[in-house]
Structure formats: structure tokens, C-alpha cells
Amino acid sequence: MTKPTIAIVGRANVGKSTIFNRIVGERVSIVEDTPGVTRDRIYSSGEWLTHEFNIIDTGGIELGDEPFQEQIRAQAEIAIEEADVIIFMVNGRDGITNEDDFVAKLLFKSSKPVVLGVNKIDNPEMRADIYEFYSLGFGEPFPISGSHGLGIGDLLDEAAKHFPEQQEEDYDDDVIKFSLIGRPNVGKSSLINAILGEERVIVSPVAGTTRDAIDTVYTFENQEYVMIDTAGMRKKGKVYEATERYSVLRALKAIERSNVVLVVIDAEEGIIEQDKKIAGYAHEAGKAIVIVVNKWDTVEKDSKTMKKFEDKVRENFQFLDYAPIAFVSAKERKRLNTLFPLINMAGENHRKRVQSSTLNEVITDAVAMNPTPTHKGSRLNIFYTTQVAIEPPTFVFFVNDVEMMHFSYQRFLENRIRAAFGFEGTPLHLIARKRN
């Protein structure tokens with residue numbers, strides 16, 4: 001099931017990022033102590049009452065010296081392309097400016113619902129100032145104060161009225177859904193075409209020519225798969241040409257629907273920061289992951305080339321040390337037979353459950369090998385461990401003091417669980433809870 005998406009749009013200095021941070025709260029920072037994952041604050045998840053949604057802060061756009069109208073056009077374009085609902089932000093202290101009118105005209109051209117938020121209404125006396133904003137043509141303006149957190153609930157109530165109905169996907173549980181993510185032109189569509197052996201999507205050397213995400217059902221050795229293709233950036237307008245950071249937006253909806261994510265990188269161009277950022281979203285979403293090095297045919301090779309490249313991948317993707325690596329050439333259709341065994345393994349491990357009795361034996365042995373940490377004369381005690389979820393496998397440790405379960409010791413326990421049970425291809429979530 002795909003969560004609805006809200007985009008916050010408006011001219012500069014109306015408080016878009018403040019409202020974004022109010023809505024997402026502490027959810028923005030998820031894996032601060034995980035090396036290699038840089039957190040991009042322009043896209044996050046939010047919750048309001050019974051609703052879960054994704055939210056885009058278009059204030060994060062950085063187009064350098066581009067004229068104002070180009071920046072706003074870029075913001076509106078992202079919102080119109082990616083969002084189910086648009087929150088149009090204006091500044092209640094300034095009244096309607098020419099720039100607000102420009103944004104309004106752009107949003108009128110879209111068929112997306114627009115909710116008008118009038119920010120910086122910091123006290124009840126200022127509410128009289130909002131009525132002029134009716135003239136923008138988007139119905140009732142909602143007075144809000146980002147700095148004081150006022151009116152956000154009413155704004156989200158209105159936005160939620162426009163969320164599309166959520167439909168459960170009609171694929172069987174044993175079907176493996178996987179997506180291919182990566183920056184533009186690493187060969188995602190070419191990989192799907194090579195696997196299927198037919199031209200089911202548009203393939204072009206120009207980034208962004210795949211029209212929409214395309215689900216393709218495919219059977220291989222009696223296992224049914226659903227492949228979700230996402231093209232990274234669409235070639236529509238300035239922002240998609242000006243910055244690659246928005247390629248993550250195209251990937252995120254596909255990640256959400258997947259069991260297994262193939263992180264595709266370009267052997268010829270090597271690994272760049274954008275690759276790590278996109279992979280980080282799949283990791284944070286708790287999906288099973290296979291790293292696919294495409295265009296392997298373009299690399300001059302000797303007996304050590306693959307090992308050297310694998311070492312480079314491990315160095316750059318330290319947070320994906322559990323993910324297997326496949327080296328393929330979509331163009332030459334070589335080594336593609338290595339993909340499905342890895343997808344199957346990652347998918348199976350993502351759903352794997354282990355017996356509590358065996359798990360606790362492993363943890364007991366681990367503690368005997370490396371005793372738990374101490375603090376001010378007190379030692380961390382792990383009373384009991386149990387697996388509480390799959391996709392990804394999630395383990396709860398009942399302890400005497402949650403604060404003493406340091407990241408480094410948690411990492412050690414994760415490694416011992418992996419050594420005992422495998423779990424290659426899937427992240428593991430470890431949670432410490434105080435025993436009552």
C-alpha cells in the first residue's frame with residue numbers, strides 16, 4: 001500500500017521548512033549514528049490521527065542564481081508531479097504579493113487539490129488579516145503559526161480529506177515484489193528489459209524517459225515476481241535537469257511497495273554520494289537489499305578487478321554490509337542469472353522467523369563471549385530476547401536499563417544473530433525494552 005504524499009509549496013520566506021519540521025517532528029533524524037547515510041530533510045514521513053503520509057518540503061530546492069520564477073516553477077512542478085495534495089503556503093504578515101499570485105497561477109493549472117495555509121498568524125488578533133487570501137481562489141485560508149505550532153492540526157485535517165482511497169494490492173503473499181532504484185542512467189530500465197527479453201518500457205540514453213512506474217509480473221523457476229520500475233528523474237522541466245537529488249522522490253514510492261530493493265550502481269562511473277543517499281532510503285525503510293553493479297562489460301578486468309570493486313562498494317556502503325552484490329551487464333545480458341537467487345535469498349531472509357529458545361541460546365553465548373557493558377558499577381542484564389516481527393526481522397531485548405544498551409554492543413549482538421541464522425540481504429531491527 002502506498003502512502004499519500006503532501007507537498008508544501010510557496011515563495012521564499014513564508015516558513016515552508018518550519019511547517020515541514022513541525023509536521024514530521026523527530027522523524028527527520030532516523031539513523032544519525034549509521035555511517036554512510038546522509039539524511040535529506042526535503043522528504044520525510046508524517047502521521048496525523050489515523051493517517052500516515054509522505055511529505056515534501058520544496059523549500060529545500062537549491063537552484064543557485066536561477067531567477068525567482070524558475071525556482072517557483074521548479075517547486076510547483078515537483079509538487080504537481082509527486083503529490084496527492086498540495087499545501088500552498090503564504091505569509092500572513094505580508095499580504096498577497098506578486099510572487100504569491102505567480103505560484104497560485106501555476107497551481108491552478110494542475111488538477112491536484114490545494115490547501116491554503118496562511119503562516120505567521122501568531123495570535124488571535126492577527127486572524128482578521130487572513131481574509132484577503134480568499135482572493136487567491138483556493139477556498140478557505142487556514143491560519144497557522146509555524147513558530148508556535150498553532151493551527152497545524154486543522155491544516156492537516158483539511159489535507160487528509162483529499163487523500164486518495166488506499167487500495168490493498170492484489171498480489172499473493174508468496175509473490176516477491178522488487179524494485180530497481182538508482183540515479184538516472186545507471187540502467188534500471190535496461191535491466192528489466194534484459195530480464196524480460198522484451199521491450200516493455202521505453203529505454204533511452206536520456207535520463208527520465210520512463211513514463212510511469214510499471215509493474216511487470218514475471219515467473220522464473222516457478223517463483224512469481226512483480227518488478228516495479230522507476231526511472232529516477234523524469235525529463236520534465238528545469239528542476240529535473242538542474243539537480244539529481246529529486247531522483248529519490250521517484251524511487252521512494254517504489255521502495256514502499258517492495259519486499260526487495262535492487263540498488264543499481266554504474267560500474268563505469270563508479271559510486272557517488274547520490275548512490276549512497278538513494279540506498280540509504282531503502283535501508284531506512286527496512287527493505288531487503290541487493291546491490292547490483294551494472295555495466296560490468298565497460299570495465300577492463302583482470303583476476304582482481306571484481307574483488308577490488310567489491311571492496312570499494314563495501315567501503316562506500318558500510319551501512320549495507322548485509323547486502324549481497326551482483327555484477328551484471330544489462331546491455332550484454334551477462335551474469336543476469338546471478339540476480340534471482342540473490343533476490344530469493346534476500347526475500348526469504350526478510351520474512352524469516354527464528355525460535356525464541358534457539359535465539360536466547362545464541363544471545364547467552366554472545367554475552368559469555370563478550371560481556372555486557374557496565375556503567376557506574378551497574379551491568380546491563382539481558383533477561384530475554386524474542387523476535388516480534390518480520391519484514392524486516394525485528395528483535396526485542398528485555399533488559400534492566402535501556403540506556404546501557406549502547407549502539408556498539410547492539411551491533412555486536414546483531415552480528416552474532418547473523419552468524420547464527422544467516423539473514424543475508426535484510427536489515428535487522430534490534431529494540432531494547434526495560435523489563436517491568
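The backbone N, Cα and C atoms fix where each Cβ goes, and this holds for glycine too.
Values in this document were obtained by computation on a predicted structure and should not be read as measured data.
The feature GTP 1 binding site is assigned by Swiss-Prot to 10-17, 57-61, 119-122, with sequence analysis given as support. The GTP 2 binding site annotation in Swiss-Prot covers 182-189, 229-233, 294-297 and is backed by sequence analysis. Sequence annotations record features per position, and here Swiss-Prot assigns domain 'EngA-type G 1' to 4-167. The domain 'EngA-type G 2' feature in Swiss-Prot is assigned to 176-351. For 352-436, the entry in Swiss-Prot reads domain 'KH-like', with the evidence type sequence analysis.
Recorded features from Swiss-Prot, shown on the structure.
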| residue | record | DSSP (3 states) |
| --- | --- | --- |
| GLY10 | GTP 1 binding site | coil |
| LYS16 | GTP 1 binding site | helix |
| THR58 | GTP 1 binding site | helix |
| ILE121 | GTP 1 binding site | coil |
| GLY182 | GTP 2 binding site | coil |
| LYS188 | GTP 2 binding site | helix |
| TRP296 | GTP 2 binding site | helix |
Shortest C-alpha distance to ASN185 (GTP 2 binding site) - which of the binding-site residues ASN13, LYS16, THR58: THR58
Cβ-based isolation winner (fewest other Cβ atoms within 10 Å) among the binding-site residues ASN13, THR58, ASN185: ASN13
Spatial neighbour of GLY182 (GTP 2 binding site) that is closest, considering only the binding-site residues GLY10, ASN13, THR58, ILE121 and their CA atoms: THR58
TRP296 (GTP 2 binding site) CB neighbourhood, other CB atoms within 10 A: 22
Sparsest Cβ surroundings (other CB atoms within 10 Å) among the binding-site residues LYS16, LYS188: LYS16
Alpha-carbon spacing, LYS16 (GTP 1 binding site) to LYS188 (GTP 2 binding site), which is rounded to whole Å: 33
Neighbour count (Cβ, 10 Å) for GLY10 (GTP 1 binding site): 28
For ILE121 (GTP 1 binding site): intrachain residues, at least 6 apart, with Cβ closer than 8 Å: GLY92, ARG127, ASP129, ILE130, PRO143, ILE144, SER145, LEU150, GLY151
Using Cα positions only, nearest of the binding-site residues to TRP296 (GTP 2 binding site) (GLY10, ASN13, THR58): THR58
